[in-house]
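Let me begin by presenting the structure, written as structure tokens, before commenting on it.
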Amino acid sequence: MAASSSHLFALPSPASPFLSAPNRNRVRVLAKSCPENQSFDSNDSDSSSETTHKAQGDQKSVSRRQWMTACVCASAALISNSYTFVSVQSAAALDKKPGGSCRNCQGSGAVLCDMCGGTGKWKALNRKRAKDVYEFTECPNCYGRGKLVCPVCLGTGLPNNKGLLRRPGARELLEKMYNGRLLPDS
């Protein structure tokens, strides 16, 4: 299966002396499009240059600075269009809820436990007689999970939860949250 695309070739040709100023070097650009299966050789450029001399009144000469600027801009545009990367921020923006997200938990509905720092383990001091020993036990705040339900959005992840506490089951929801029976992401 052959792709039908064409390649553009640009050939600088000397500018006519009456079009260019004596202090400026000008270059005339001839662009020719040919398909992939057809080769581009110098014979084609000679025959096409004859046709350009016939239509010389229609063409305009371009300075080298303008030509280089156009080449740089075109190549930068082609490079930027050929590679499309999805950044982590834009991918995260696609997953967000349409109404925004909670500022405290960033829309996840859960925050790290402030007592254990998200590890789920708590350093407890065990004092026996003359020596003190630190033991790691289950965190009494998050019960070893390392996460707590966000107290601002109450686990919804939404920035505005007006009326949530007016619902009939809100009292049970708050009681579960304060006693640690309400799990994040549930």
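Cβ coordinates are placed from backbone N, Cα and C, and glycine is handled just like the others.
Here Swiss-Prot flags 1-75 as transit peptide. The annotation compositional bias 'Low complexity' is assigned in Swiss-Prot to 8-22, 39-49. Here Swiss-Prot flags 81-162 as zinc finger, drawing on sequence analysis. According to Swiss-Prot, the feature Zn(2+) 1 binding site maps to CYS102, CYS105, CYS150, CYS153, an assignment based on similarity to another entry. Among the features that Swiss-Prot reports, repeat 'CXXCXGXG motif' is placed at 102-109, 113-120, 139-146, 150-157, with the record citing similarity to another entry. The Zn(2+) 2 binding site annotation in Swiss-Prot covers CYS113, CYS116, CYS139, CYS142 and is backed by similarity to another entry.
Features per Swiss-Prot, on structure.
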residue	record	Cβ neighbours (10 Å)
CYS102	Zn(2+) 1 binding site	22
CYS105	Zn(2+) 1 binding site	22
CYS113	Zn(2+) 2 binding site	21
CYS116	Zn(2+) 2 binding site	21
CYS139	Zn(2+) 2 binding site	23
CYS142	Zn(2+) 2 binding site	24
CYS150	Zn(2+) 1 binding site	22
CYS153	Zn(2+) 1 binding site	22
Closest to CYS116 (Zn(2+) 2 binding site): which of the binding-site residues CYS102, CYS105, CYS153, going by Cα position?
CYS105
CYS150 (Zn(2+) 1 binding site) and CYS142 (Zn(2+) 2 binding site), Cα-Cα, nearest whole angstrom:
12
Other than CYS113, CYS116, CYS139, CYS142, which residues of the chain come within 8 Å of the Zn(2+) 2 site, judged by Cβ distance to the Cβ centroid of those residues?
ASP114, MET115, GLY117, GLY118, THR119, GLY120, LYS121, TRP122, PRO140, ASN141, TYR143, GLY144, ARG145, GLY146, LYS147, LEU148
Pairwise CA distance, CYS113 (Zn(2+) 2 binding site) versus CYS150 (Zn(2+) 1 binding site), rounded so that it is a whole Å:
10
Suppose you look only at the repeat 'CXXCXGXG motif' (113-120); what would the mean pLDDT be?
88
What's the CA-CA gap between CYS139 (Zn(2+) 2 binding site) and CYS150 (Zn(2+) 1 binding site) in angstrom, rounded?
17
What does DSSP say about CYS116 (Zn(2+) 2 binding site): helix, strand or coil?
coil
If you take the centroid of the Cβ atoms of CYS102, CYS105, CYS150, CYS153, the listed Zn(2+) 1 site, which other residues of that chain have their Cβ within 8 Å of it?
SER101, ARG103, ASN104, GLN106, GLY107, SER108, GLY109, ALA110, VAL111, PRO151, VAL152, LEU154, GLY155, THR156, GLY157, LEU158
What are the helix, strand and coil residue counts for the repeat 'CXXCXGXG motif' (139-146) according to DSSP?
0 helix, 0 strand, 8 coil
